[in-house]
Amino acid sequence: MAVDIVLQYFNLNRILLLTVGLWPYQRTKLVEFQLYLVFGILVSIIPALLTPLLTLECTVSLLIKILPPVLITIICTINYFSFIIKAHAVKQIMDQLQNICTNLTDETEVDIMKNYGSKTRSYTASIIIYALCNFIIFLLLPLLPKIAGVILFINESQLHHTVYIMTEYFVDREKYFYLILLHMDAAVCIGAIALIGVGTMFIGYLKHTCAMFEICSYRIKHAIMLDAESVQLRDYMIHKKIKYAVDIHRKGIEFSTFVISSFDWLFFLLIAIGVLCISVDLFCLFQTVSSGHNVEEFVVHFSCLSILLLYLFLANYAAQEIIDHYNHIFITVYSIQWYAASICIQKMILFLLQRGAKAFNLNLGGLFIGSLETAGMLLSTSVSYFTVLYSTR
């Protein structure tokens, strides 16, 4: 039974990307217009975030306060822009994945692919719910004085409207408060959708690579267990099964390598900016806690920091799973009853074992190997930069 990857397991991702015009299929003129309009709204928030550097005295303290929202916006913009210029690569990846799934005929193998597809969908749904909770908090924070005023019957003129992210629009902030808030919320919403949509697509790709390696292990494990009337027929069937296992193994390596190489520059920029952003956000969070009087700023910085850490962990965890599933293939090869096979089959198994001696991993940005160890190292680097910032305050 053929599995429709998009409708069954990437449907939430498809809806997210359609919302901001990034879905690579059916690119009409209207979708192109939507794409550039949405991109314009997202990018337009950056000048508003940077202009306080022109209107206020430029100090290190001001720069550190402005940097976190600017860097997070840049991360969202890079994610968005990557799917604009790499739309063809995204289509190729989806088509490759669909083709691999369509060629599966064994029910158990289809079930393995479905299992990992369900994990992709669950990951996406969980991240959407988490992001939605954060967005609602961000949306309500500037409106809390207004809500409190309605509950406590405070006169509108006595209320002081506050936006907890420093911006400069060169207009009367009180008069145009709701328009400023609308622009900021729209940019945050678009950035969040781009970040989640693009990020969960990559997680989905890597999850399905794990499925391919799991299918490879399954084929190898069950190849030696085959029974036949004659030795020649059994050898032929084992040979065929191992050949299929090697084929899906090769496809898994080629697929994941193509995904990473297509977006190599994206991972490099995300890692560099992400580490800097975590460091500055930690510093701002520490300052807010030390002052102890601005709960709203604490919530904003904590929310941003938690999103960045989640993004860092999930990306490296997905890459770590690739390494673990790849290594499991050769653990399976070691554990099968290879001695019960003919000399010809034993030579094939020896070839597989030799291939297992060569490590396989995902090189992110040309500098880092995706793994939990790398996640810990990047987090440690961020904490080191935070320590430097704290010591110079």
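In case you wondered, yes, glycine gets a Cβ from its N, Cα and C as well.
As annotated by TrEMBL, transmembrane segment applies to 35-54 (among others).
Panel annotation: around the transmembrane segment (66-85), residues 17, 20, 22, 24, 35, 38-39, 42-43, 45-46, 49-50, 52-53, 165-166, 187, 190-192, 194-195, 197-199, 263, 266, 269-270, 273-274, 276-277, 280-281, 284, 301, 304, 307-308 of the same chain, lying at least six beyond its termini, place a Cβ under 8 Å from a Cβ of the stretch. What TrEMBL lists as transmembrane segment is 66-85 (among others).
According to TrEMBL, the feature transmembrane segment maps to 123-141 (among others). If you look at the transmembrane segment (123-141), the same-chain residues 6 or more away from its ends with a CB under 8 A from one of its CBs are 12-13, 16, 147, 164, 185, 188-189, 192, 195-196, 199-200, 203-204, 207, 296, 299-300, 303, 306-307, 310, 314.
Within the chain, the transmembrane segment (177-203) has long-range Cβ neighbours (under 8 A, six or more residues past its boundaries) at 10, 12-13, 16-17, 19-20, 22, 38, 41-42, 44-45, 48, 72-73, 75-77, 79-80, 82-83, 90, 120, 123-124, 127-128, 131, 134-135, 138-139, 142-143, 161, 163, 165, 167, 169, 171, 259, 263, 307, 311, 314-315, 318. Taken from TrEMBL, the feature transmembrane segment covers 177-203 (among others).
Positions annotated as transmembrane segment by TrEMBL: 265-286 (among others).
Non-local neighbours of the transmembrane segment (298-319) in the same chain are 68-69, 72, 123, 127, 130-131, 134, 137-138, 141, 164-165, 195, 199, 202-203, 206-207, 274, 277-278, 281-282, 284-285, 288-289, 361-362, 364, 369-372, 374-375, 378-379; each lies 6+ residues outside the stretch with a CB under 8 Å from one of its CB atoms. For 298-319 (among others), the entry in TrEMBL reads transmembrane segment.
Annotation source TrEMBL lists transmembrane segment at 331-353 (among others).
Here TrEMBL flags 365-388 (among others) as transmembrane segment.
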